[in-house]
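First up is the structure itself, then whatever we jot down about it.
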Amino acid sequence: MQQRKATWLAATALGLALTGMAMADPAEDTLSVETDDGTIDFVTQTAAPEFLKGHLDTIYSGWLFREDETRALQKDDFDNPAMVFYDRGVDRWNATIGKNGESCAGCHQGPESMAGLRAVMPRVDEKSGKLMIMEDYINNCVTERMGLEKWGTTSNEMKDMLSVISMQSRGQIVNVKIDGAAAPFWEKGKEIYYTRYGQLEMSCANCHEDHYGQMIRADHLSQGQINGFPTYRLKDAGMVSAQQRFVGCVRDTRAETFKAGSDEFKALELYVASRGNGLSVEGVSVRH
Amino acid sequence: MTRHLVQATLLALAAATPAFSDTAPKDVVFEEGAVAQSLTGNPGNPEEGVKVMTTNALGNCVACHVVGALPDVQFPGNIAPPLDGVADRYSEAQLRGIVANAKMTFDGSFMPAFYKTDGFIRPGNGYTGKAAEGELPPILNAAQIEDVVAYLVTLKE
């Protein structure tokens with residue numbers, strides 16, 4: 001454990017030193033991870049989905065925009081600092097935390113029962129017609145089936161559980177539905193993506209579509225994809241969910257942000273997820 | 001020590017507060033993007049201009065622009081054109097217009113408007129993520145804009 005920690009610190013320091021170089025493009029690298037069930041080869045770049053024609057030809061995982069040291073941490077589960085939070089989440093999955101001793105495992109068996117879900121989220125719930133992010137499904141169980149107070153959208157217990165569920169779809173291809181009942185939510189998310197918010201008047205697209213690959217001061221701009229989320233962020237020394245990242249990015253435009261878990265950011269998550277249709281779910285990733 | 005701090009704060013306040021004779025952001029006259037009149041009625045200070053351009057909380061121009069004449073700046077961005085030789089390409093009035101509101105020169109520009117106080121969508125209170133209270137002050141005040149312009153006009157090749 002001590003050993004592990006030292007490695008991350010070194011990686012952070014190096015990362016800081018290296019960001020000064022003008023790295024223009026995504027790295028030329030491929031991501032494979034050895035697991036107990038064999039090797040997983042990840043799709044980190046592929047043709048953009050049809051609806052992005054005229055905007056982007058190729059989509060890239062944010063992994064390709066990080067420095068060598070940061071990328072290396074994600075190539076080996078033993079080095080990946082996010083695994084601590086995944087492990088903690090698995091413990092909570094099995095724990096009898098409900099008001100009457102319920103556990104996630106009691107209803108769902110092992111976390112493997114969630115395989116495939118992360119790759120199609122957010123989605124419209126068939127019964128209620130509501131747009132659901134993973135946090136909504138988790139909180140439904142927490143409140144209605146376990147009789148607990150709902151978990152904070154960006155709380156640690158929530159992000160641990162996002163990690164557990166995301167890992168069950170590791171390597172699967174993101175395939176979020178954008179038509180049918182999802183269409184109006186998707187359109188709303190798209191509108192938010194292209195709106196120039198705040199005193200700096202910047203949209204998501206200004207940074208992540210028009211200028212990805214370039215440096216904004218010390219930051220190497222990626223396409224702002226969320227296939228890797230939740231991610232361990234070295235800068236924060238903790239897990240960050242997509243909802244949380246949106247808050248940070250909008251705040252940086254000197255704007256009044258929307259709240260994590262708000263209807264606006266849920267719609268935005270659907271839209272941003274769909275821009276990554278074709279990339280692999282990374283389970284839990286590592287970013288700078 | 002404490003006295004120093006107080007003095008520093010007072011100084012900072014003085015710098016951020018608009019002077020009486022300044023042209024208010026809403027009264028700036030743009031002609032094809034250019035602004036002929038000094039916003040303070042006085043020439044700026046180029047050394048102060050460098051400070052504004054390289055300080056995160058002020059102009060942070062180097063977030064997007066490289067300035068070859070300022071090699072000590074760490075991690076300049078490369079989103080926008082390098083500013084070297086910019087005084088050969090634009091007149092003082094044009095440079096003032098670009099710094100005050102680049103969108104008047106470059107339609108739909110990514111460059112923020114530094115001397116503008118309204119027309120924003122969900123304006124925030126600085127970088128807090130909370131709503132702005134009342135009308136926003138411009139990102140830079142008139143004197144800071146003039147200081148930046150005074151430095152830009154020295155960038156000849």
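Each Cβ is built from the backbone N, Cα and C atoms, and glycine gets one as well.
As recorded in TrEMBL:
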{"type": "ACT_SITE", "residues": "A:C249", "note": "active site, cysteine persulfide intermediate"}
{"type": "BINDING", "residues": "A:C104, A:C107, A:H108, A:C141", "note": "heme c 1 binding site"}
{"type": "BINDING", "residues": "A:C204, A:C207, A:H208, A:C249", "note": "heme c 2 binding site"}
{"type": "BINDING", "residues": "A:R245", "note": "substrate binding site"}
{"type": "DOMAIN", "residues": "A:89-173", "note": "domain 'Cytochrome c'"}
{"type": "DOMAIN", "residues": "A:188-281", "note": "domain 'Cytochrome c'"}
{"type": "SIGNAL", "residues": "A:1-24", "note": "signal peptide"}
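Feature annotations (TrEMBL) mapped to structure.
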{"residue": "A:C104", "record": "heme c 1 binding site", "contacts (Cβ under 8 Å, 6+ apart)": "A:R92, A:W93, A:N94, A:P111, A:C141, A:M161"}
{"residue": "A:C107", "record": "heme c 1 binding site", "contacts (Cβ under 8 Å, 6+ apart)": "A:C141, A:R145"}
{"residue": "A:H108", "record": "heme c 1 binding site", "contacts (Cβ under 8 Å, 6+ apart)": "A:M114"}
{"residue": "A:C204", "record": "heme c 2 binding site", "contacts (Cβ under 8 Å, 6+ apart)": "A:I192, A:Y193, A:Y194, A:G224, A:C249, A:L268, A:V272"}
{"residue": "A:C207", "record": "heme c 2 binding site", "contacts (Cβ under 8 Å, 6+ apart)": "A:I216, A:L221, A:G224, A:C249"}
{"residue": "A:H208", "record": "heme c 2 binding site", "contacts (Cβ under 8 Å, 6+ apart)": "A:L221, A:S222, A:Q223, A:G224"}
{"residue": "A:R245", "record": "substrate binding site", "contacts (Cβ under 8 Å, 6+ apart)": "A:I226, A:F229"}
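Neighbouring residues of the recorded heme c 1 site, listed in sequence order and excluding A:C104, A:C107, A:H108, A:C141, comprise A:W93, A:E102, A:S103, A:A105, A:G106, A:R145 (Cβ within 8 Å of the Cβ centroid).
Largest Cα-to-Cα span within the heme c 1-binding set A:C104, A:C107, A:H108, A:C141: 11 Å. Residue density at A:C141 (heme c 1 binding site): 16 other Cβ atoms are found within 10 A of its Cβ, drawing on all protein chains shown. Other than the site residues A:C204, A:C207, A:H208, A:C249, same-chain residues with C-beta atoms no more than 8 angstroms from the centre of those residues' C-beta atoms, the heme c 2 site, are A:M202, A:S203, A:A205, A:N206, A:E209, A:L221, A:G224. Counting residues of the domain 'Cytochrome c' (A:89-173) by DSSP class, helix then strand then coil, yields 42 helix, 5 strand, 38 coil.
With a 10 A radius on its CB, A:C249 (active site, cysteine persulfide intermediate) counts 17 other CB atoms from all the protein chains. Confidence across the domain 'Cytochrome c' (A:188-281), taken as the mean pLDDT and rounded to a whole number, stands at 97.
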